[in-house]
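Asks: Below are the features I grabbed from Swiss-Prot:
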type    : residues                                  : note
BINDING : ILE26, SER27, ASN28, LYS71, ARG78, ASN193 : CoA binding site
BINDING : HIS30, HIS32, GLU90                       : Zn(2+) 1 binding site
BINDING : ARG84                                     : phosphate binding site
BINDING : HIS138, HIS140, HIS186                    : Zn(2+) 2 binding site
Amino acid sequence: MDKQQLETTVTKVLDEMRERPIPLGISNRHIHLCAEDYDRLFPNHPISEKKELLQPGQYAADQTVTLVGPKGQLKNVRLLGPLRSTSQVEISRTDARTLGIAAPLRMSGSIEGTPGVRLISPFAELDLASGVIVAQRHIHMSPLDALILRVSHGDKVSVAINGDERRLIFDNVAVRVSPDMRLEMHIDTDEANAAGADNPQAFATLVSPR
């Protein structure tokens, strides 16, 4: 095989890899807790794993809480582990209306100036001063994935969600690159319902960098 044939073959393989389906993760409402807040809500009860998640080292815990806002409450909101340095609550726009909380659209971890909420566990209550957000839709990927897809950490891209009979394109999808991440797009339940993505065959494909 000469150089030109090799380059043609490599280009074809890379193009096929760029068109491969991106696994879709639908994020239901959930919480992340720091160690101090966890110990207050679940004293003498070590965090326990219920289900492993796709991202390495992350899991859904057995522990759940009730969120209480000015207008309503949401029960059985699952804790995701492991514990973090700062507590955070991720909900959908629909959830925010149910609670009566003006949760801003933010990237995970960006909680400055965000509203709080009351957390109730089977053992205690805690008034979280801040940390309630609607999570910005995003794609997790490794540096190799980013190289293949021609994107960088912090980029905004357009992604097509291929669900049932509907196909919906989401703009402003944030790219998050880390050696510890696996390729997966995260959307919330409102976005999943709009795209008809509530079936196991649903997947995402990159449309174009923005």
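The backbone N, Cα and C atoms fix where each Cβ goes, glycine too.
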Asks: Around the Zn(2+) 2 site recorded as HIS138, HIS140, HIS186, what other same-chain residues have a C-beta within 8 angstroms of the site's C-beta center?
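Replies: Not counting the recorded site residues, we get GLY25, ARG137, ILE139, ALA174, ARG176, GLU184, MET185.
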Asks: Please identify, from the binding-site residues HIS30, LYS71, HIS140, the residue with the sparsest Cβ neighbourhood, meaning fewest other Cβ atoms within 10 angstroms.
Replies: LYS71
Asks: Report the residues of the chain - excluding HIS30, HIS32, GLU90 - with C-beta within 8 Å of the mean position of the site's C-beta atoms, for the recorded Zn(2+) 1 site, in sequence order.
Replies: SER27, ARG29, ILE31, LEU79, LEU80, GLN88, VAL89, SER108, ALA135
Asks: Find the one among the binding-site residues ARG84, HIS140, HIS186 whose C-alpha lies closest to that of ASN193 (CoA binding site).
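Replies: Result for ASN193 (CoA binding site): the nearest of the binding-site residues is HIS186.
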Asks: For ASN28 (CoA binding site) and GLU90 (Zn(2+) 1 binding site), what Cα-Cα distance in Å is obtained after rounding to a whole number?
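Replies: Computed Cα spacing between ASN28 (CoA binding site) and GLU90 (Zn(2+) 1 binding site) is 8 Å.
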Asks: If you measure ARG84 (phosphate binding site) to HIS30 (Zn(2+) 1 binding site) at Cα, how many Å is it?
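Replies: Cα of ARG84 (phosphate binding site) to Cα of HIS30 (Zn(2+) 1 binding site) measures 13 Å after rounding.
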Asks: Rounded to a whole angstrom, what is the C-alpha distance between HIS186 (Zn(2+) 2 binding site) and ILE26 (CoA binding site)?
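Replies: Distance between the two Cα atoms comes out at 6 Å.
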Asks: For the binding-site residues listed here (ARG78, ARG84, HIS138, HIS186), tell me which residue's CB has the most neighbouring CB atoms inside 10 Å.
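Replies: The most densely surrounded of these binding-site residues is HIS186.
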Asks: Find the one among the binding-site residues SER27, HIS32, LYS71 whose C-alpha lies closest to that of HIS138 (Zn(2+) 2 binding site).
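Replies: Among SER27, HIS32, LYS71, SER27.
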Asks: For HIS32 (Zn(2+) 1 binding site), identify the closest of the binding-site residues ILE26, LYS71, ARG78, HIS140, judging by Cα separation.
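Replies: Given the candidates ILE26, LYS71, ARG78, HIS140, the nearest one is ARG78.
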Asks: Rank aside, I only need the closest one: which of the binding-site residues LYS71, ARG78, HIS140 has its C-alpha nearest to that of HIS30 (Zn(2+) 1 binding site)?
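Replies: Result: the closest of the binding-site residues to HIS30 (Zn(2+) 1 binding site) is ARG78.
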Asks: At a 10 Å cut-off from the C-beta of HIS32 (Zn(2+) 1 binding site), count the other C-beta atoms across all protein chains.
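Replies: Its Cβ shell of radius 10 Å holds 22 other Cβ atoms.
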Asks: Among the binding-site residues ILE26, ASN28, GLU90, which residue has the largest number of other Cβ atoms within 10 Å of its own Cβ?
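Replies: Sorting the candidates by Cβ neighbours within 10 Å, the top entry is GLU90.
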Asks: Expressed to the nearest Å, what is the distance separating ILE26 (CoA binding site) and GLU90 (Zn(2+) 1 binding site) at their Cα atoms?
Replies: 12
